[in-house]
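J.: Supplied in structure tokens, the structure appears directly below.
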């Protein structure tokens with residue numbers, strides 16, 4: 001549908017579509033009062049809820065308000081309706097850095113400038129307890145002045161996401177840019193993992209291609225974990241030396257960001273940016289109680305985020321998702337769709353109780369026997385998040401609720417344990433872990 005002419009929240013006139021993904025569309029828009037151009041990210045609540053991405057959206061909001069830096073895309077405000085969430089963000093006109101690199105390698109001074117801006121911004125993020133975890137040229141935008149802006153904080157982690165060992169434990173990021181310790185699925189330091197990704201970005205800017213690139217993913221992972229890469233002969237000696245320290249597969253001996261910033265090659269023409277002073281913690285705390293109420297009282301037009309200039313730890317954004325389903329019947333799995341369907345077929349056959357039919361979105365199980373309120377029927381929907389990561393939701397579509405709950409508790413859920421990665425919802429996850437999706 002053409003959005004031109006639509007006025008959002010009596011404030012923004014939507015223009016052309018800039019891009020879209022599975023769960024969101026981004027439009028160019030104009031602030032009616034000021035005439036300022038912005039980018040409006042429109043997120044479908046139902047779609048993100050169905051695949052368990054609510055926490056990821058909340059995290060993106062939290063991080064974008066927590067981080068204020070000239071080289072990070074600025075979030076003006078967040079608005080919500082019953083079905084959509086709207087991010088009004090800084091409009092970055094120059095497009096993706098990826099588009100620039102796809103045309104070939106950059107000149108050394110240009111590559112250094114982007115790397116300086118990237119490292120400066122990431123250093124600031126780390127000082128705020130934020131780790132990006134998906135740094136790549138596609139997530140680095142350029143403004144009209146040719147300056148870099150970091151975007152897409154959907155996978156980022158806040159300091160409180162660390163477990164008792166002080167490390168992060170969720171595999172995130174794009175394979176070719178991800179650090180070896182992240183691939184190893186052991187605990188990792190988010191700051192050190194970001195440094196590795198920055199090194200891959202620097203290599204790509206100067207070479208025009210990736211340091212680790214194989215058609216075979218296993219072979220690529222092997223090279224990453226061993227730190228096996230070669231620099232082209234046009235790389236300056238000081239860059240080769242710097243990259244050897246950044247792309248060190250041992251995170252403990254890998255160069256730290258402050259040492260990168262002291263490097264002589266990095267220092268050429270580098271101007272450190274003074275960042276705005278963050279509000280005092282007591283100023284934030286005094287406003288937190290008002291924010292959730294603002295969304296529940298007047299979600300259509302009240303901009304809750306004008307109340308605060310930064311978010312504190314533990315802030316609850318559940319008001320954005322007024323009808324979030326706290327279902328006991330969702331789980332994530334690393335099995336493919338065929339294996340998931342096969343498991344439900346096995347359950348139906350072994351119980352000798354259900355007929356099973358396949359549909360475009362999953363399967364339907366129907367009890368051969370008639371219960372208190374007719375035949376018990378269960379719809380199973382399978383949602384692909386990535387090729388190797390699925391969300392499965394099953395729910396009663398007919399019959400008695402008590403019979404459904406008894407069947408789920410005694411037969412269905414125990415039978416699914418060998419394909420379930422994580423159950424969704426507070427009642428199903430004893431560790432109360434957040435589910436983060438691998439891209």
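Backbone N, Cα and C atoms are what each Cβ position is placed from, and that goes for glycine too.
Computed from a predicted structure; not experimentally measured.
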J.: Just to be sure I read the record right: 18, 19, 20, 21, 22, 23, 24, 25, 26 are listed as binding ATP in Swiss-Prot. Which of 11, 33, 41 is listed for the same site?
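T.: Matched candidate out of 11, 33, 41, per Swiss-Prot for ATP with 18, 19, 20, 21, 22, 23, 24, 25, 26: 41.
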J.: Looking at 264-294, 295-325, 326-356, which stretch does Swiss-Prot describe as region 'PPI'?
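T.: Feature region 'PPI' in Swiss-Prot: residues 326-356.
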J.: With Swiss-Prot as the source, which of 122-151, 152-181, 182-211 is set down as region 'Activation loop'?
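T.: Based on what Swiss-Prot states, region 'Activation loop' spans 152-181.
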J.: Which number gives the other C-beta atoms within 10 angstroms of the C-beta of residue 134 (active site, proton acceptor), all protein chains shown included?
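T.: Around residue 134 (active site, proton acceptor), other Cβ atoms within 10 Å: 20.
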J.: Short question: which residues 6 or more past the ends of the region 'PPI' (326-356) have a Cβ under 8 Å from it?
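T.: For the region 'PPI' (326-356), the sequence-distant neighbours (Cβ-Cβ under 8 Å, at least 6 residues beyond its ends) are 52, 362-369, 380, 382, 384-385, 387-395, 408, 411-412, 415-416, 418-428, 435.
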